[in-house]
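Working notes for the structure below.
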Amino acid sequence: MSKKYDAGVKEYRDTYWTPDYIPLDTDLLACFKCTGQEGVPREEVAAAVAAESSTGTWSTVWSELLTDLEFYKGRCYRIEEVPGDKESFYAFIAYPLDLFEEGSVTNVLTSLVGNVFGFKALRHLRLEDIRFPLAFIKTCGGPPNGIQVERDRMNKYGRPLLGCTIKPKLGLSGKNYGRVVYECLRGGLDFTKDDENINSQPFQRWQNRFEFVAEAVKTAEQETGERKGHYLNCTANTPEEMYERAEFAKELGQPIIMHDYITGGFTANTGLARWCRKNGILLHIHRAMHAVIDRHPKHGIHFRVLAKCLRLSGGDQLHTGTVVGKLEGDRQTTLGYIDQLRESFVPEDRTRGNFFDQDWASMPGVFAVASGGIHVWHMPALVAIFGDDSVLQFGGGTHGHPWGSAAGAAANRVALEACVKARNAGREIEKESRDILLEAAKHSPELAIALETWKEIKFEFDTVDKLDV
């Protein structure tokens, strides 16, 4: 006997609010922070999110009878209070894995953060976390190389890597840009980088920049005996142009390229990561535009989700903020998504903002990149917070040295090695930071000048997006 079709409109909670449901290991789980309009029950708001991000529409439709809605629908299985926020609540939603294309971060985000964010019944909506099931993770390529392969390629072990962004980031000719790269690398840095908005502008076309940078890297390697690299930004107007730039970097023998993964898009990023894996090139990822999406504490997507998605899409290094510098991010939250980048298993821990256990299986890890308003006085805290599997990037903290970029690079290298040596000797480097740096400065005039130059520079602003604990 055929099922009866009842036309009309019914409440979302009649279908999508399922508090007795026990999530499956193969389900993709999501936690949303919801703020509904006044008078709309929480269960209805949560169910509406589950419906619109999976199989639902505003009206009952006859074509539901042509499929198994009970199998395919998203299910809101739990609602929790948000500590300290009477307006909002957490909605936990389970999605069957068959709703998503294998290996496609793009498809997952299109479903979970698509039309639902424009619902009139919602004042605010924020995607706080996703639990990706192993069955989905195994279909994703992930980082093209990973932490260990990058260390082997660059022959650098036992410490954080050291880098800087070339400044001024816009306006230099290709030749002068290459000169600054050389000064930084010969001074002691492992990497230099293009900033996010250097592509191919009238003052500096990309081919010209790539050629002068390659010459600078080669010369610095010959002089120092160390492997060096520069993140050549391949982000472009079209995928074809992006791959053309990547191929040219490979022809020049460069070890690493760069992509702006949010402005460039996950489709482009996944494709470039696959190219890097095939061609043996490292991939640095910049998160330009992330704060538009993740900074509001009640609306958007938390950066931990964007970090997880990047690990799945592919990248060997990702910017994560600094905790101590000029960019947003408190310590526990930052450590939470650094764990998601580097660890093979991350347990649920609300004190770090992780709402679910996340098993990454054998997927390689991603270097966490600390960049933005940092200088030598921050070095002990950065080493303590980020650990060895990180890249510490000092832009103004290198080029702003009174003696020039090479001296700034030398100061940072001496400070880093002093902190690593003190840590390995069992000293509490954050508590003893001043003594450690001043001791090292006795043998490094570059560091002594840097410490004097930046002794009064602090970024003491309260964090906007705090953990709900």
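The backbone N, Cα and C atoms fix where each Cβ goes, and this holds for glycine too.
For LYS167 (among others), the entry in Swiss-Prot reads active site, proton acceptor. A 10 Å cutoff on Cβ-Cβ distances gives LYS167 (active site, proton acceptor) a total of 16 other Cβ atoms nearby, all chains included.
Under the heading active site, proton acceptor, Swiss-Prot lists HIS286 (among others), citing sequence analysis as support. The Cβ neighbour count for HIS286 (active site, proton acceptor), using a 10 Å radius over every protein chain in view, is 28.
The substrate binding site annotation in Swiss-Prot covers ASN115, THR165, LYS169, ARG287, HIS319, SER371. The Cβ neighbour count for THR165 (substrate binding site), using a 10 Å radius over every protein chain in view, is 23.
In the three-state DSSP assignment, the secondary structure recorded for GLU196 (Mg(2+) binding site) is coil. Annotation for GLU196 (Mg(2+) binding site): same-chain Cβ neighbours under 8 Å, separated by at least 6 residues, are ASN233, THR235, ASP260, THR263, HIS286, ALA288. Look at Swiss-Prot and you will find LYS193, ASP195, GLU196 tagged as Mg(2+) binding site, backed by sequence analysis.
Residues or ranges marked as N6-carboxylysine in Swiss-Prot: LYS193.
Look at Swiss-Prot and you will find LYS326 tagged as site 'Transition state stabilizer', backed by sequence analysis.
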Checking the binding-site residues ASN115, ARG287, HIS319, SER371 against ASP195 (Mg(2+) binding site) with a 10 Å Cα-Cα cut-off, in sequence order, leaves none
Here the binding-site residues are LYS169, LYS193, ARG287, HIS319; which one has the lowest number of other Cβ atoms no more than 10 Å from its Cβ? LYS169
State which of the following binding-site residues has the fewest other Cβ atoms within 10 Å around its Cβ: ASN115, SER371. ASN115
In three-state DSSP terms, the structure that ASN115 (substrate binding site) belongs to: helix
If you measure from the Cα of LYS167 (active site, proton acceptor), which of the binding-site residues ASN115, LYS193, ARG287, HIS319, SER371 is the nearest? LYS193
For the recorded Mg(2+) site, enumerate neighbouring residues of the same chain (Cβ within 8 Å of the Cβ centroid of LYS193, ASP195, GLU196, site residues themselves excluded), in sequence order. THR165, ILE166, LYS169, ASP194, ASN197, ILE198, TYR231, ASN233, MET258, HIS286
In which DSSP state, out of helix, strand and coil, do we find SER371 (substrate binding site)? strand
